[in-house]
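Here is what TrEMBL says about this protein:
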- 1-16: compositional bias 'Basic and acidic residues' (COMPBIAS)
- 1-31: region 'Disordered' (REGION)
- 66-86: transmembrane segment (TRANSMEM)
- 107-133: transmembrane segment (TRANSMEM)
- 153-173: transmembrane segment (TRANSMEM)
- 185-204: transmembrane segment (TRANSMEM)
- 224-245: transmembrane segment (TRANSMEM)
- 257-280: transmembrane segment (TRANSMEM)
- 300-326: transmembrane segment (TRANSMEM)
- 355-374: transmembrane segment (TRANSMEM)
- 380-400: transmembrane segment (TRANSMEM)
- 412-434: transmembrane segment (TRANSMEM)
- 440-459: transmembrane segment (TRANSMEM)
Amino acid sequence: EQTEPASDRSRRETEQTQRVTPGIKPGQTERVTPENGLFGCNIIGSGIFISPKGVLEHAGSVGFSLIVWVLGGGICALGSLCYAELGVTIPKSGGDYSYVTEIFGGLVGFLLLWSAVWIMYPTTLAVIALTFSNYVLQPAFPNCLPPYIATRLLSTICILLLTWVNCSSVRWATRIQDFFTIGKLLALVLIIVVGLVQICKGHYDALEPQTAFEFIRDPSVGQIALAFLQASFAFSGWNFLNYVTEEVVEPRKNLPRAIYISIPLVTLVYTLTNIAYFSSMSPEELLASNAVAVTFGQKLLGMFSWVMPISVALSTFGGINGYLFTSSRLCFSGAREGHLPYLLAMIHLKNCTPIPALLVCCTATIVILCIGETHNLINYVSFINYLSYGVTIAGLLYYRWKKPKLVRPIKVNLLVPISYLIFWAVLLGFSLYSEPVVCGMGLVIMLTGVPIYFIGVHWSEKPRWIYSAVEYVTYVGQKVCYVVFPQDDPSEIEPLTEKTEKSEL
């Protein structure tokens, strides 16, 4: 899909092309701080309405599930500190993908990108979309699960609608995100306040120590590892600020500040939310519920129970929009670096939106919607997420050894990455042992990127017919989506094929 090695092509692009963020017209700049980026709200997502059931199921008891939530926040704090060092040492936007590519080279970076584009983001989108459908439909089916076809159909409609919004206008997408964040915060505040009122009234039987640690079944290390994977889905988003490092104001000061404030806050909110659930529901009731917040509302809110499914639906709708926005930008960045087809690095001529990248994300999500069940999908995506985090943090240690004299404005104690990697190795090892099919499938899909990399990226002297085919597909895609490279001067557009490059010479 290119005519020269990725490193040479990327260097020439940097010299020739003004890099434009989708939605920001050439010449405009946008600076981000953790405060105006609502970093804490990015972490507090729809996962808290999804994961409690899975955490309790694998942890085996109320008390141990609460311990998992607290320790999960601590592990995120360790990872965030490592990412803060990487963010200021390698000041590139793109997060894990940019760091791993810089440290380990193109192949490892491509595998991370490949798994993100085809596994992590589409699977996360599918889980949130299914949650949206369950919370919308559950009041209509109070005594049974919503029909399979109905949940998939409503999820697909939601994904298509938000893809259209993101293709049409970045302003619409950001306004939707701001508005629907209110639903997420409203639901959590309501749950926590009502739960604390219940506890003050003496309704905390399930939280008493002698009851809280009564195990539903004998716990195993493998099941505990899966409980942490379920919790990690709710915490996903702690590394989002690293995707826009270049736009962060004073990253040396603001990255650690965002971590110190937001991670403890999010951990507290998640723990209080689970305590509130257990103030009104027994473990058996929570495990039997298909929409935990709806069951909570029906038991405690009486005639106002309708507030809960609406609030969670608003939250999940906004979550889908946010992940679509982020995943399409990662796809756009990978294409800009030559690791994905060039068509995905193009934006709409008038709206400045990455339509091809959005369509790829939408299609992959709809495919996964049709083949997965919510809690299996969470194990699936969390395993790949942790794998990516571990490779990135291992890169920090390797970079310390490879370039010891490099200036590091933030330098964490070595015990921080080492502790994280020990936990990482144990978690992934026992998760793979407990769910070999689910976790193994993620590994297989990630490794399929190896031949794709060598054929599509590393192989620089492809037959002429491959260049012609890529040129034709790109041309048709440009005509259909009305997209171009984000450049000021059309004459600077880099040639796509061997034929056009020779014609310029």
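In case you wondered, yes, glycine gets a Cβ from its N, Cα and C as well.
Because TrEMBL annotations are produced automatically, they should be read as predictions rather than curated entries.
It is 355-374 that, among the stretches 107-133, 257-280, 355-374, 380-400, 440-459, forms the most Cβ pairs under 8 Å with the transmembrane segment (153-173). Using a Cβ-Cβ cut-off under 8 Å and counting only residues 6 or more beyond its ends in the same chain, the transmembrane segment (440-459) has close neighbours at 1-2, 5-6, 106-107, 110-111, 114-115, 118-119, 338-339, 380-381, 383-384, 387, 432.
Stretch with the most C-beta contacts under 8 angstroms to the transmembrane segment (107-133), considering only 185-204, 257-280, 355-374, 412-434: 355-374. For the transmembrane segment (380-400), the neighbouring stretch richest in Cβ pairs under 8 Å, chosen from 185-204, 224-245, 257-280, is 224-245. Tallying C-beta pairs under 8 angstroms between the transmembrane segment (412-434) and each of 66-86, 185-204, 224-245, 257-280, 355-374 places 66-86 first.
Of the Cβ pairs linking the transmembrane segment (66-86) with the transmembrane segment (355-374) and spaced 6 or more residues apart, fewer than 3 are under 8 Å, so the two regions do not touch. Of the candidate ranges 185-204, 224-245, 355-374, 185-204 has the most C-beta pairs within less than 8 angstroms of the transmembrane segment (257-280).
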